[in-house]
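Take a look at the structure set out below.
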Amino acid sequence: MSTGFFGDIAKIKYEGPESTNPLAFRHYNPDDVVLGKRMEDHLRFAVAYWHTFVWPGGDPFGGQTFERPWFKDSMEAAKLKADVAFEFFQLLGVPYYCFHDADVRPEGRNFAENTSNLNAIVDYFAGKQGETGVKLLWGTANLFSNRRFMAGAATNPDPDVFAFAAATVKTCIDATQRLDGENYVLWGGREGYETLLNTDLKRELDQLGRFLNLVVEYKHRIGFKGTILIEPKPQEPTKHQYDYDVATVYGFLKRYGLENEVKVNIEQGHAILAGHSFEHELALANALGIFGSIDMNRNDYQSGWDTDQFPNNVPEMALAYYHVLAGGGFKTGGTNFDAKLRRQSIDPEDLLIGHIGGMDCCARGLKAAAKMIEDKALSAPLEARYAGWNVPEAKKMLDGGFSLEEIEAWVLKSDVNPQPKSGRQELLENVVNRYV
């Protein structure tokens, strides 16, 4: 039954590249087969509950611009928001959604009320999932918005806050399992510091390590089959966050014995804030064996903060999905649109148009990436670039067959005198441009 929020808009359909209908897909056809798999199954699109249905359209210089009938802190409003959300998922035809606990339930007076409210809305969500077939990609806890978390959650100097946060995560994992969620995400929005003058770095890192171990231990104790994910971000809201980027997260996981238990959820905008490209973070996660999922969006390259816009750069998406596919594709992860409307985009249909454009952009990127893989457009030159490592002496240097002295003897005996070879960067850039 329609809520009426989206008026008479019908389910969004694929109309092909020639269509000029803003409420139609031009490139995303869920049933298109790409590399032997349906496009929908490759991309595994999800809608972010927080930006789509919770964000009021404010900025540091002005307040709410969006008028939504569910912008009230009550269970009745939470259920209306859920009705609109699941109607939206069906209009778009997305298979998944994601949420924080605070996105979906009214705020209670204490932990017990928060838990009761969350359980009530989870029951409601379970019914909506059964009616629509839409599934939960991942759940998470908001451990950054409430003032109790102003000095962090797991890294807070107050053990009561640590306990409150741990208990909250426990209830959110329970909710995720109840809804058959395929992952559980931890984003340390305030797990960092504003100044070192009042920060004990070692203590806070040890607290964070113990917190994450508690999560993993609980996952195994209750038999949760999903993947635990950390979402890296370098700063904002804190000056310096402990989950700065993929490399930092991997070092943290190794230190606390969690590198085989936890993977990463990589956001495009966070990669840019960290001074990296999106594809760098994806390629590194693959190389380290911790790639899990992505939050898809776009940052304004001039602003210097997290703008969370919808993706519209096809060449960038092509390289991103190239690395997703090269790593074997998503297992339990997917493409979550962690993107929000601009504050002047106040019409209900703007929510659909933003997601349609993002989904089309990702579809174009996926198809270009798949074609590059089929043609070995990048893998063949890469293999040729490193071909020298296939000779016996080169293999011995890496597998322990040569000591440093033996390498020296080989260099002298064979008169090894390496000559530079072109990296052919311009050629490879031109190759990529042929596909996008």
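Including glycine, each Cβ sits where the backbone N, Cα and C put it.
Classification of H100 (active site) by DSSP places it within a strand. Listed in sequence order, the residues of the same chain lying 6 or more apart from H100 (active site) and placing their CB within less than 8 Å of its CB are Y49, W50, G139, T140, A141, N142. The feature active site is assigned by Swiss-Prot to H100 (among others).
Annotation source Swiss-Prot lists active site at D103 (among others), citing sequence analysis. The Cβ of D103 (active site) has Y49, W50, F53, V54, N142 as same-chain neighbours under 8 Å, each 6 or more residues away in sequence.
As annotated by Swiss-Prot, Mg(2+) 1 binding site applies to E231, E267, D295, D338, with the evidence given as sequence analysis. Within 10 Å of the C-beta of D295 (Mg(2+) 1 binding site) there are 24 other C-beta atoms, taking all protein chains into account.
Taken from Swiss-Prot, the feature Mg(2+) 2 binding site applies to E267, H270, D306, D308. Other Cβ atoms within 10 Å of the Cβ of D306 (Mg(2+) 2 binding site), summed over all protein chains shown, number 19.
The local packing around E267 (Mg(2+) 1 binding site), expressed as other Cβ atoms within 10 Å of its Cβ over all shown chains, amounts to 26.
Spacing of E231 (Mg(2+) 1 binding site) relative to D306 (Mg(2+) 2 binding site) is 14 Å (Cα to Cα, whole number). E267 (Mg(2+) 1 binding site) sits 10 Å from D308 (Mg(2+) 2 binding site), taking the C-alpha atoms as the reference points. A helical conformation is recorded for H270 (Mg(2+) 2 binding site) in the three-state DSSP classification. Residues E267, H270, D306, D308 make up the record's Mg(2+) 2 site, and a Cβ search at 8 Å around their centroid adds K233, Q268, G269, I272, L273, D295, N297, N299, D338 from the same chain. In sequence order, W187, N265, I266, Q268, G269, H270, I294, M296, N297, N336 are the same-chain residues whose CB sits within 8 A of the CB centroid of E231, E267, D295, D338, the residues recorded for Mg(2+) 1 being left out.
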